[in-house]
Amino acid sequence: MYEELTKLFDKANQRIALAVSTHPKYFLLVSFILTALSSASLFNCTLEEDIHKSFSPPNSRASREEAIHMRFFNVTSSPQRAIILFYAKDGSSMLNKANMDEMLRIDQILRQTIEALDENGKRPCEPMCTLNAPFFLFWKELEKAQKNLLDNETDSEFLFDFPSSILYGHEFFLGINMFGVRTADTVFANRSRITHVTTVALWYFSQVNTAERKQKLEETVVELFEMSKAKNASPLIQFDIFDDQIANREMMRGAVEATKLMIIGFFLLLVFVFVVVWRKVGWHRSLPSIVLAAVLSPFLAATVAFGALAWFNFQFYSIMCVTPFLILGIGVDDAFIMLQSWTHFRTIICKKERLSKVFVEIGPSITITSLTNMIAFGIGYLTPTPQMSMFCLCTSLACLVDYILTFTLFAPILYMSADCNDEYISGEKVRQEESGSKWTANYSRFLCSPYGKLSAILILIVLYTLSAIGVLSMKSTFEPTKAFPSDSPLSDSLEGIRSIFSEYFPLQIIVSNPPNISNPKEYNDFYEMVTSLESVRFSYGRNRTLLFLKAYEKFDRKTFDVLSAFGLIGETHYSPSYDNLPFFLEQIDNPPTVQITRDQKGKAKLEAFQMTLIASNMSELSNRAVYVDECRRVLLRYPNFNATVFDGDSAVLDLILTVKTDLIGSITVTVLCMAIVCFFFVSSRISVLFITFTISSICFTLVGTLSWWGADMDPVTMVDVLIATGFSVDYTAHIAYKFCKGQGNAEKRIEQSLNEMCEPMMQAGISTLLCMFPLIFVPTYAILAFAKTIFAVVGLGLLHGIFLLPVLLASISYETDVDELPHKGNVDELERRKEHLLL
């Protein structure tokens, strides 16, 4: 079966070579026309700048929870979030009047934008305009108390404490607004126990469902962002701001910086390609055209891939700026292999026969690497993160197009650039080049010796030990800072938010089917659910949970006691009900977190409400992911209340929870696909097994290397490893394929494989490194991690492909242990006499 497939594939390559050599200009013309047509749609492409949408998979449980949250608040889009953190420059308490006046002045800048009425009489901040109202009420009454304006008779209704204060007899939780709070054991004359507040945090939410709203909000937050960077907004206080639109802006800045640096990589690669081609053809008139074709094919392939995505209205993401340069590094590898084979067969005078020989010789190798790269990136498309998914799809398509253009654009130019009478085509030069490879003979002899095998075992032991330590020490997490440059001022804001979430983290829970508190069973079941939620690790407990029912039951009981004392009701035993709920909600200005309806009889019915759990130690997203997931599990035990959690970062948290299993599963599927591809092109089944083992080894050691290099187990690492899996075939399939096609014993086969493929593999590795080298100066984690992955896989790939894999292949024994190779490199003459080319 293998021989039949090989003959069929060789015939196909011969026919393609015949067509290209007969009509090279037609192939060039068609390639350029189709490229231009495919790229026309780029004028209508759309770039997704929303950082949350970039990392939030659609149709996930997080998307469902977000939909429930939007339906509850009756909004059509997820609100934009902004957080401003205020600190006193001299380290004094933020509750000093001068500091608070400055804070309120800066706060007013943003509030004027999000509270401005539109043409419909609505405010962008609705329905969460009163989010900071408890803190502002706290400060208003504290300021009165400091001026001794409180009536002594009402002093008992006020207690300025932390994390909850009593105002007008009602308890208000202030834990989400004040941080670094110190309190005294005694109550001061102004009814306060608070002695110091380090940070005040104000939270803002705004709907940006129109272009005008989005622009106004962006202008305002950018103005505040620039003020925070300048640190001259106030002589008394300093503030940091985090906003979704600023995060989007910084993410795009990182992409622009990466593109600028990769242009430098392009010129470095161009110089390297020029040197490689010059070494092959010398100072010849064909030199510029061959160099141009080598770099033009990958760029056109990337252009076609982007155009195809634009035709189907796919969103573009910032990380896709890497694709053209990545394909450039991949594409020139195929050009190097074709050029190596083209110069290797330069003794063949007939150009058509020469091109046919080249296609037959390199067709399987290029097909294997191109297929495996397409598959690796194709599997990466299945990852849940939209940004990484589209990057992989675009790169997979580009690999396919580049594979085609290698034969329809680079090959015709290479063919037309050759001249049978050129002086550089010298059989004697070929023989000198082949006979000059004494090092490969010595190196092959070492690989087949016991010393070579022992060295391989020792290297593997060291590699696997270090990699195992690295893999086991990786933590599953993902921080928003990984999406934009580390030198961004947003890093300061996020550091402040981390400290806030370390103290108090609010988790919203929407109860869509509230309990009937008049029903003892439903009442007990509901509070059993609440108790279970408050028992989840990191939860503070009942005294910090924001649940309106607690305050309402106190109000309802007091109402019952008053009415019962005056004999206005007949019951003597209190039973909670929602009868007084409308009046209660009016007293607290009908908060949007509680929704009621009335039946036909006018009786109030609680439709839905939001409660908030307060947790600590949530500065790490990995802790948040576990906490949110455990809360979900508790809610699933009480389906009758139809309660769901909502966290603005739930999509990312879900990725953190599944990234390890997703990575293992994706690598397994990818490696199996690589093995199946190699199965059809490599005759020896044991060689396919060795290739599969080598690919797996590269993946394992790569993950360990990235861990030592500071990477986390996150979606970025998962996609990078999948990409590297495809790259790893480039450093294994070529050697194994040439080894199986070779003649003689194992040592001779390894020598022949290294003679033919070692140089192109080294050139491929260097070209890829040069193209990606400038990315190490990009301070964006996602892009830098990708560059580190490329560097690591090139090093590990060359180590495995040129050393470890040949040692494994050397263990294959053959019946013929005699050197069947002709001397002085005349392999081509022998093969040419044996093969009949279809020309």
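Placed from the backbone N, Cα and C atoms, the Cβ positions cover glycine too.
Per TrEMBL, these features apply:
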- 258-416: domain 'SSD' (DOMAIN)
- 261-278: transmembrane segment (TRANSMEM)
- 290-311: transmembrane segment (TRANSMEM)
- 317-337: transmembrane segment (TRANSMEM)
- 358-382: transmembrane segment (TRANSMEM)
- 388-415: transmembrane segment (TRANSMEM)
- 454-474: transmembrane segment (TRANSMEM)
- 663-682: transmembrane segment (TRANSMEM)
- 689-709: transmembrane segment (TRANSMEM)
- 761-784: transmembrane segment (TRANSMEM)
- 790-814: transmembrane segment (TRANSMEM)
In contact by Cβ distance (the transmembrane segment (689-709), the transmembrane segment (290-311); 3 or more pairs under 8 Å): no
For the transmembrane segment (689-709), distant same-chain residues with Cβ under 8 A (at least six beyond the ends): 460, 463-464, 466-471, 473-474, 663, 667, 671, 674-675, 678, 682, 717, 720-721, 724-725, 728-729, 731-733, 736, 785, 788-789, 792-793, 796-797, 800-801, 804-805, 808-809
Beyond the flanks of the transmembrane segment (358-382) by at least 6 residues, Cβ under 8 Å: 9-10, 12-14, 16-17, 330, 333-334, 337-338, 341-342, 344-345, 388-393, 395-396, 399-400, 402-403, 406-407, 411, 666, 669-670, 673-674, 677-678, 681, 719, 722-723, 725-727, 729-730, 733-734, 737-738, 757, 837
Confidence summary (mean pLDDT) of the domain 'SSD' (258-416): 86
Contact yes or no, the transmembrane segment (388-415) and the transmembrane segment (454-474), 3+ Cβ pairs under 8 Å, gap 6+: no
Leading contact stretch, 261-278, 317-337, 663-682 vs the transmembrane segment (761-784) - CB distance under 8 Å: 261-278
Residues from the same chain, set at least six apart from the ends of the transmembrane segment (663-682), whose C-beta lies under 8 A from its own: 2, 5, 9, 364, 367-368, 371-372, 375-376, 379-380, 382-383, 688, 691-692, 695-696, 699, 703, 713, 717-718, 721-722, 725-726, 729, 733, 736-737, 740
Other parts of the chain folded back onto the transmembrane segment (454-474), taken as Cβ under 8 Å at six or more residues beyond its ends: 697, 700-701, 703-708, 711-713, 717, 799, 803-804, 807
